[in-house]
Amino acid sequence: MRILILYGSQTGTAQDVAEQLWRASKKRNFDSLVMAMDDYQIQQLTEEHLVLFVVATTGDGKEPDNMQNTWKFLLRRNLPVDSLSNLQFACLGLGDSSYAKFNYAAKKLNKRLQQLGAQPIIPLALADDQHDYGSNAVVIPWMTNLWEVVEERLGLSCRNAENLHETFIFKWHCCRLDHASVLDEGNYHLLWPHRQTPTHSFKLINNVRTTDPSHFQDVRFMQFEVPESATWLPGDVIEVHPHNSAKQIDEFFALVQEHELDFDSNTVVKMSSNHQDMILPKCYSKPLNVRQMATSIWDLSAKPRQRFFELLALNCEDNMEKEKLLEFITSDGLEEVVNYINRPRRTVLEVLQDFRHASSKLTLEICIEMFSFIQTRSFSIASCVESKTLDLLVAVVEYKTKMSSPRLGLCSNWLKCLKIGDNVLGFLKRGTMQLPKELNTPLIMIGPGTGIAPFRSIIQKHTINQSDLDSHKSLMWIFFGCRNRSKDFHFQSDLELWHKQNHIKLLVAFSRDQDHKIYVQHLIEENSQELKNLIKECNAYVYVAGSSTNMPKAVKEAFINVLDKDEAYVEKMFKINRYQEETWS
């Protein structure tokens, strides 16, 4: 029987889980196919009998980019209510409960499929990154239950289900070429190995630290030249593709050399698919060497996923190491994964260094399947297009765990190390914020920390259009929060000048400059009467940007208090997009 596995994935996690399902189905001798939803001809869904959906939720309850066309089609009002009556399905959602619209995309898809007549074979499962065991706390038992139901309830035989970890279904075929093979001089497919085409190349003209040297975090203000044809709107974002650091690359090849593996940095390969329906990634479309893979494609900073442990164990001849690696991919091993991987944030490179017997049996074919791809990272654009520069505010991720070396964010540290004159490929993308059409609509913007970035672009745009507005009335209220006025007050000169010129009303909470902590939510409640009038009488829009941990909830509660405990009114604002959040974890 054919099993179709469709995924909507933004960072690669849902794709990875979908491919786990695909491998498990292949081992059970099912005729199966896995692909991104938008790569599938969704009109053919009426001809399918069993489909497994793995769906991530991105941003404020949005569906991933590679399922948006599918979702638009499924929402068509002219689809008959029985169009999918022959379809049985299972749906797994991957989300993060720190966001208000937790697993919203999976919930919507599950509901819509049933509205069109499809029948779920098992209940919708919602994995949560915030769980102590991470998403695997739901994913692993859901998969176990799925195959039991497929075999028992649907009367299908899952053959060859024994010793499932003794083999591995490889996606790609790796043909080695002579070291002297001439590689294509154009490496565009490596600089941007993603499905969407990068919009432009941006030349770096400024890269400075904005926080005081004594501040715990390095935050960079970065400016890029703007090509004449580049355009974006306030609130939009840019996606960039980072590379691994020279230190990581050297550590990887030191391990390769130490274990005398069957390849080196100069080994050249030509890639092809082992399966007729498996699409070859753009980064493998031309011959390339292993150094190029280790630089631009493989994420050497990533936490290992299940397939990493499974592949590392594949050729391992040390019983103790093999047993431990296979334990990591079971429900019984979840606590071990938390203690060994999640809490200390161990990377794939560090696991290879710990499991030396297993690492000594690696092959190039295993490495190609084992490493996750580097994903793009998104940053809010902190300038409007009329300013003639594309500005970013980047918090450089560096923190300590029990590991001897600090944990470093791949993209932020890559951006930090860029030199003036370097060119960066970028994909300009619409942000989640929707601005009111009327320029004279008041805006209330709450952006502590680097959350101020998208609001700077909005303010710049408004100041340019100021001639169309009442210059004696501040239509924009800005609530900014940071620790200290002297250490991490981002865009201080810009914001204070705009406040002085009456373009904005600026209120700043410095949480550490006095004995008692002051946050943006406190300033909101202190100005409750004016804010209430703006919201109720002037139909003001509220925008919140920043960390998704505690701030958005506290700000929402403050606005409920401002509106005399009228929670229903705030919820209505959410529904009609007068209250919008753009947060990240």
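Placement of Cβ uses the backbone N, Cα and C atoms for every residue, glycine included.
It should be emphasised that the depicted structure is a prediction, and the values quoted were computed from it without experimental measurement.
The annotation domain 'Flavodoxin-like' is assigned in TrEMBL to 3-147.
Annotation comment: TrEMBL describes 9-14, 56-59, 94-103, Asp129 as FMN binding site. Taking Cβ-Cβ distances under 8 Å and a sequence separation of 6 or more, the neighbours of Asp96 (FMN binding site) in its chain are Thr57, Phe102, Asp128, Asp129, Gln130, Ser548, Ser585.
Sequence annotations record features per position, and here TrEMBL assigns domain 'FAD-binding FR-type' to 197-436.
What TrEMBL lists as FAD binding site is Arg345, Arg377, Ser378, Phe379, Ser380, Gly409, Leu410, Cys411, Ser412, Trp584. Here the Cβ of Arg345 (FAD binding site) has 16 other Cβ atoms within 10 Å, regardless of which shown protein chain they belong to.
Residues or ranges marked as NADP(+) binding site in TrEMBL: Thr450, Ser511, Arg512, Lys517, Ile518, Tyr519, Val520, Gln521.
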Using C-alpha atoms, which one of the binding-site residues Leu410, Ser412, Arg512, Lys517, Gln521 comes nearest to Tyr99 (FMN binding site)? Gln521
CB contacts under 8 angstroms to Tyr519 (NADP(+) binding site), restricted to the same chain and 6+ apart in sequence, sorted by sequence, are Pro448, Gly481, Ala509, Ser511, Met551, Ala554
What mean pLDDT does the predicted model reach across the domain 'FAD-binding FR-type' (197-436)? 95
What residue among the binding-site residues Ser9, Ser378 has the most other CB atoms lying within 10 A of its CB? Ser9
Looking at the binding-site residues Arg345, Ser378, Thr450, Ile518, which has the shortest Cα distance to Ala56 (FMN binding site)? Ser378
Using other CB atoms within 10 angstroms as the count, which residue among the binding-site residues Ser412, Thr450, Gln521 scores least? Ser412
Cα-Cα distance linking Gly12 (FMN binding site) and Leu410 (FAD binding site), given in Å to the nearest integer: 15
Cα proximity to Arg345 (FAD binding site), best match among binding-site residues Ser9, Gly12, Ile518, Val520: Gly12
